[in-house]
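Structure, as C-alpha cells:
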Amino acid sequence: MSTNRKNDMMVYCSFCGKNQEEVQKIIAGNNAFICNECVELAQEIIREELVEEVLADLSEVPKPIELLHILNHYVIGQDRAKRALAVAVYNHYKRINFHDTREESEDVDLQKSNILMIGPTGSGKTFLAQTLAKSLNVPFAIADATALTEAGYVGEDVENILLKLLQVADFNIERAERGIIYVDEIDKIAKKSENVSITRDVSGEGVQQALLKIIEGTVASVPPQGGRKHPQQEMIQVDTKNILFIVGGAFDGIEEIVKQRMGEKVIGFGQNNKAIDENSSYMQEIIAEDIQKFGIIPELIGRLPVFAALEQLTVDDLVRILKEPRNALVKQYQTLLSYDDVELEFDDEALQEIANKAIERKTGARGLRSIIEETMLDVMFEVPSQENVKLVRITKETVDGTDKPILETA
C-alpha cells in the first residue's frame, strides 16, 4: 500500500521519463515537467544550432571589391585605407571559415589580420570600423584605451572590452567570438620613452601588455556584471582567437619620427633630402619602427600586421561628406524638415563655409554635425510653427552668422 502511494507521488520528466530520484532536479510547468538533464541537453542543441547559424553567415563574407563598394556608399575619401581594411576583413573571416572546415591533419596556421589605423581626429577611423561591422552583420564594440588600466589599479580592466561585445551580441558567446572590437586612442597609452621605466606605468606599457593577450588570442574570464573580478563572481569564458581587433589613434607627432628616419636614410646614401609638404604624405610612409619609437611595444605591433593610414580630410572631402554618402548630414536634415512639408537647400558656398569651420576647429568630419546644429537651431525651432513656409535656403552668411536663412512661403 505504501509503495503504491509513493509511486503516485513520484514526479517524472515529461521528456525522458526519469523520475525525481534518478535526476538532480525536476522543474514543474503547465501540465509538464522537465529534468535538469533534459534542460542541459536542450541548451547544447540550441548552442550547436547557433554556432551553425553564425558560421553560415560568415561563409558568405563579401569579397574585398564588394566590401570597398559598401564602404564607398558611406565613407568619402581614404581610398588606400578602405582597400587595406577590405582585404584584412575578408582575409580574417576567410581564415575563420578555413579553420572550421579544414582537416585536422593540415598544419597551416593562419594568423589574425588585426588592424592598426593611424589618422588625425575626425578622419573617419571609428566610422570605417562601424561601417564594416554593420555590412558584415557581426557584433561591434568600441573601447577607449585611455579608460583602461593595468590589473590591480583603479580603472577598467581590458576584459570589460569583451563584456561590451557580449552585451551587443545579447550574450550569445558564439556570435561575440566572431565580432569586431575597435580600440580607440591607442596612441594615448604609448610609453613615454623607448627606455624601460623603473616606475610602474599604470596606463602605458602595462595596459599594452594586457591588451596584447586578448588581441593575440586567449580564453578570457569576463565578469558578466562588469567591474573588478572577485573570487565569488561567476565568469563567462570568451575565446578571442577569432575576434577581429581594429586599433586606432591620431599619433600626433609621428610624422616627425618618419621625417627623421627618412632624412637619416637619405643622407646615409649621399642624396639630398626631398621635403614633403603635407604630413599626410609622411603618414603613408609609416613603418613598424616608427610606431615603436612613438611608444607602442613591439609585441603589440607584431599582433597588428595591417597598417591603414588615413589622411587629413580636405575642404573638398568635407563638402562631399556633407552631401554624398547614403546617410549624409544634409540628407538627414532635409528628411527632418520634410516631415513638416518644408524643403531644405544648402548653397554650395554654405557647404564650403561649414567645411572651412571644421578645418579651423581641427575636428574633421566629426565636427560637421555640431556646426550644422548651430546653423540650423533657429530654423528647426521656428519653422515647424510657420505653416506657410515651404522652403528654407541656407547661405554662406547663414553659416557665418551674418544673416538669417532665406525662407520662401506658399
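A Cβ is built for glycine as well, from the same backbone N, Cα and C atoms used for every other residue.
These numbers come from a predicted model, not from an experiment.
Here is what Swiss-Prot records for this protein:
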DOMAIN    1-54  domain 'ClpX-type ZB'
BINDING   CYS13, CYS16, CYS35, CYS38  Zn(2+) binding site
BINDING   PRO120, THR121, GLY122, SER123, GLY124, LYS125, THR126, PHE127  ATP binding site
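Feature map: annotations from Swiss-Prot on the structure.
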| residue | record | contacts (Cβ under 8 Å, 6+ apart) |
| --- | --- | --- |
| CYS16 | Zn(2+) binding site | CYS35, GLU37, CYS38 |
| PRO120 | ATP binding site | ALA250, ASP252, LEU310, GLN312, LYS362, GLY364 |
| THR121 | ATP binding site | ALA250, LYS362, THR363, GLY364, ARG366 |
| GLY122 | ATP binding site | LEU313, ALA358, LYS362, THR363, GLY364, ALA365, ARG366, GLY367 |
| SER123 | ATP binding site | GLN78, LEU310, GLU311, GLN312, LEU313, GLY364, ALA365 |
| GLY124 | ATP binding site | VAL75, GLY77, GLN78, LEU310, LEU313, GLY364, ALA365 |
| THR126 | ATP binding site | ILE142, TYR182, ASP184, GLY248 |
| PHE127 | ATP binding site | TYR74, VAL75, ALA365 |
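Annotation for the binding-site residues CYS13, CYS38: lowest Cβ count within 10 Å of the residue's own Cβ, CYS38. Residue pair LYS125 (ATP binding site) / CYS13 (Zn(2+) binding site) shows a Cα separation of 55 Å. Excluding the listed site residues CYS13, CYS16, CYS35, CYS38, the same chain places SER14, PHE15, GLY17, LYS18, VAL23, ILE26, PHE33, ILE34, ASN36, GLU37, VAL39 with Cβ atoms within 8 Å of the centre of the Zn(2+) site Cβ atoms. According to its DSSP assignment, GLY122 (ATP binding site) is coil. For the domain 'ClpX-type ZB' (1-54), the model gives a mean pLDDT of 75. When Cβ atoms from all protein chains are considered, those within 10 Å of CYS35 (Zn(2+) binding site) total 24, not counting its own. Summary of the ATP site environment: with the site residues PRO120, THR121, GLY122, SER123, GLY124, LYS125, THR126, PHE127 set aside, the chain residues having Cβ atoms within 8 Å of the Cβ mean position are GLY119, GLY248, LEU310, GLY364, ALA365, ARG366.
Mapped onto three states, the DSSP output places CYS16 (Zn(2+) binding site) in coil.
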